[in-house]
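*Asks:* Okay, these came from Swiss-Prot:
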BINDING   22, 83, 122, 460  (6S)-5-formyl-5,6,7,8-tetrahydrofolate binding site
BINDING   229-234, 248-254, 273-276  GTP binding site
BINDING   229, 248, 250, 253  K(+) binding site
BINDING   233, 254  Mg(2+) binding site
DOMAIN    219-381  domain 'TrmE-type G'
C-alpha cells in the first residue's frame, strides 16, 4: 500500500492537440478537486469524464480540461486515478503539471504507475514487461508477442508448469511423511522419471518457440561480409532501396560498419555492412577488418557475398573457411552480368559446396532477392508463423529463468539415474518451481523490481 500521490505527463512532451497528465494515489481525486472548477470530482462515478477548468492559485483559469476519474480498485494502478486531458502545448502542459505538484502530490518516478499496478496485484511481472515491449515494438510481430504477454498467455504457461511441479513435490512429500498410510498413492522413481521427462519436453518446446520469438521481436543481427568490391554495400542499399552505404569501384571504400534495419515480411534484419577482408597496409582499413572479424562472434547470421562474375579469389576461400562453422548464407552477387565463373570455380574448390547452396542475386535489379528473403525465413523457421506461435516468451530474462528450470530437471534426471534417496528429488523440483516463479514476479528482490520499472517511460 502506498500513501503518497504521484503525477506525471503520460503523453510525449511536444505540441499537439491534447496532453494527458496522470495522477494516482488514494488522495488523487480529493487533491485534484481542490484546483478544479466544475462538478465535484469526489462525487463523480468511476470511469466518467467531467468537463471543467484547472485554476491557478489566484483562482484564475489556467486551462480548460476534461478529467477522467477511475476509482479504486477498478483502475490501472488499483488506486484512485485521475487523468487530466489538457491542451497539448509544451508550456501549458508544464504549467498544469506544476500546479498539480503544488498540492500534496509528487512527481512520479519512471515506470512508477506500472510498478504500483504490479505491486497492487493488477498485473503480473510478465504483463508489466509486455507494456514496455508494446511501447518499444519495431515491427508488427513484436506487437503481437507483447499483446500475448498482456493477455496472460505466457503467464498461463508458467502457471501450468508450476502446478505440475507442485503436484509432484506434494506427492513426494506425502510419501515421505506418511509412508504407513495404504490409501496414499505410492510414488515410484519410474513415475517421477516420467513426470520429469514430460516437464523437460515442455520446457524444451517453450525454449524453441521463445528463441524464435526473440528473432521476431528483436530482429536478426546480420553481418554482410566479403572481400572488397564484391558488392556488399550495393547489397545493403538494395535491401533498403536507398543509398545508405557508399558504393565505389575503389577497393576498401567501406572502412567501418554501416548499420541499417530492414523489415523482412514482418520481422527485422539488423544489417551490418562491414569492411572488406583482405591483406592491406592501410592502418585505418586494418582496424575495420579486425573489427569485422570480431563481429563474426556476435552475428546471428552471416551473408557471405561472392562475385558471381569472377573466379574464386584467395580472400574468398579464406572467408569460406572462416565462416564454415557459423550460421551463413552464401550469396553470388552480380548475376546480372551473366557469368558462370564463380560456379565453375566453386566446383573445383570443394565437393562439399554445391551451386545449389549459392543464392544468386543482383543488387542492381534485385533479381533473387525474393529467394534470398525466403531462405533467411526458412533458416530461422520464420516462414510459417501461426497465431499460437506468439504465445511464448521473447524476453531474455524470461528465457534465462526457463533455462535455469530446465537445468534443474536435467540435474534431477541424473539423480534418478543414480537412484538417490527420494527426498533429494524435492530440492531440484523446488529450484525449478522458484525459477519459474521469478518470471511472473514471485519472490523477486526489490532491487530487481526497481531496475525493471526504471526502464519505463515517465508517466507509465
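In case you wondered, yes, glycine gets a Cβ from its N, Cα and C as well.
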*Asks:* Identify which of the binding-site residues 229, 233 has its Cβ surrounded by the largest number of other Cβ atoms within 10 Å, counting every protein chain shown.
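*Replies:* Within the set of binding-site residues, the most crowded position is 233.
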*Asks:* Return the single residue from the binding-site residues list (22, 122, 232) that has the minimum number of other CB atoms within 10 Å.
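*Replies:* Each of the binding-site residues 22, 122, 232 was scored by Cβ atoms within 10 Å; lowest is 122.
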*Asks:* For the domain 'TrmE-type G' (219-381), what's the mean pLDDT in this predicted model?
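*Replies:* It averages 78.
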*Asks:* Please list, in sequence order, the residues in the chain of residue 83 ((6S)-5-formyl-5,6,7,8-tetrahydrofolate binding site) that are at least six apart in sequence and whose C-beta is under 8 Å away from its C-beta.
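*Replies:* In sequence order, 10, 20, 21, 22, 23, 67, 68, 70 meet the Cβ cut-off.
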*Asks:* For residue 233 (Mg(2+) binding site) and residue 122 ((6S)-5-formyl-5,6,7,8-tetrahydrofolate binding site), determine the Cα separation and express it in whole Å.
*Replies:* 50
*Asks:* Work out how many Å separate residue 229 (GTP binding site) and residue 122 ((6S)-5-formyl-5,6,7,8-tetrahydrofolate binding site) at their Cα atoms, rounded off.
*Replies:* 57
